[in-house]
Amino acid sequence: MEQQIYLFGLNHKTAGVEVREAFALGERPKLGELLVDGEARVREALVLSTCNRVEVLVVDPVGRDPKAAVLAAWAGQCGQDPALLAPHLYAHQGMAAVDHLFCVASGLDSLVLGEPQILGQLKAAYRHAVASRTAGVIINRLCHKAFSVAKKVRTATGIGASAVSISYAAVELAKRIFGEMAGKKAMLVGAGEMAELAAMHLLTSGVSEILVANRTYARAEELAGRFKGRAVAFEEFVSRLHEVDIVISSTGAPHVVIRAKDVRAVLKARRHKPMFFIDIAVPRDIDPDINSLDNVYLYDIDDLQEVVEENLAQRREEAARARDIIGLQVERFGEWVKSLDVKPTIVDLLDVGASLARQELQKTLRRLGPEVPEETRAALETMALSISRKMLHEPIAFLKRRAKEEHGERFVDLTRRMYNLDREKVPTDAHADRKPPNFAETSDDFDVTDASE
């Protein structure tokens, strides 16, 4: 049965941070397993959940529309009403879904154009889908192709030439607030990948010291050691806030970790010297009410857009070149998908050819009598099957070429009728139920799943 690729998602373009918080699924979402094993019963599923997007990739038979089932399961996992999700959702299917995924993997759909973090996040989502056994033939091939396309884009264009990321944008915004960064102190709350990037950019910008707080103290020590900073016990970081000018928080906690009342006390201890807070976590780490305090500047992910726009100019030209690369690779992946439709016909054709060869061989052996040596019988069988294979070579090569065209299904249908491949198969002799050699595995000519670069 022909399969279709569907992609449903929301991102920073379609939904504000509040909506993304409500429908975030975490790093190891169970939604994929629920979609495959639950009521939806889709064939394959992969879920990508980051600060700026949640996307659900599914494979299901053509003719079935899994959208309602996906929305219901997704909203149910978050304890939300599907009606709240629908207005912010985008949906793609077929090659439009493939094109979107390739753009995401290449960083063309990111808040910061060309940022490389999303590729690592997609790889993690794929590993989770494989471990959960929700990735099948199509998602396996699609993800590996996406990884390959992202590599091509990064090496063939200059889209990733400069160090631009959410963390970089956060540091750029801090430089706008304070001007000179020399002598400023910063604290990172959370020690994940985003914090690591922030530490690198902070150090480059000239801050004098970096404090790192994390629930796992060993990880805080590790990150602090790499950037000549100091580790802080997570339970103590609030009491140390008065020491720093800049706070970048990215814990991934399900609740606020920096409260407005704590910041009021910190400001008093600092004699109301300005403080700059960047909240790059979803759900948010920092109480939005602190924005009402004097001498406090609070920005979340959505506020970074203005800074990000200034870093896009040099990448937009490269993005056009990247689109050309992606367009070609989408076309090639489409050819591979079409080859899946023709594969059963090729297998049936090879089966019929091998069956006829064996039937004629049996007639010949009966005429020759029982005295024919087994070695001769084996040689005759090899010859008969080889002739069958060679006779079918050109028809199969023709069918593979034509199947990739716009109306390729017509050639598949014509071949099935021409060779009567849909007739009821009835064994005609003792050898009729023997499995024929798998020519598709023994010859590149019959590699019906080829989708080479």
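Heads up, residue numbers simply count up from 1 along the chain you see.
Glycine is treated like the rest: Cβ placed from N, Cα and C.
Remember, predicted model here, so these are calculated numbers, not experimental data.
Sequence annotations record features per position, and here Swiss-Prot assigns active site, nucleophile to Cys51 based on sequence analysis. Here Swiss-Prot flags His100 as site 'Important for activity', drawing on sequence analysis. Residues annotated as region 'Disordered' in Swiss-Prot: 423-453. According to Swiss-Prot, the compositional bias 'Basic and acidic residues' annotation covers 423-436.
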Neighbourhood of His100 (site 'Important for activity') by C-beta distance under 8 A, where only residues 6 or more apart in the same chain count: Leu7, His92, Asp109
Reduced DSSP assignment, Cys51 (active site, nucleophile): coil
CB contacts for the residue listed as 'active site, nucleophile' [other CB atoms within 10 A, all chains]: 22
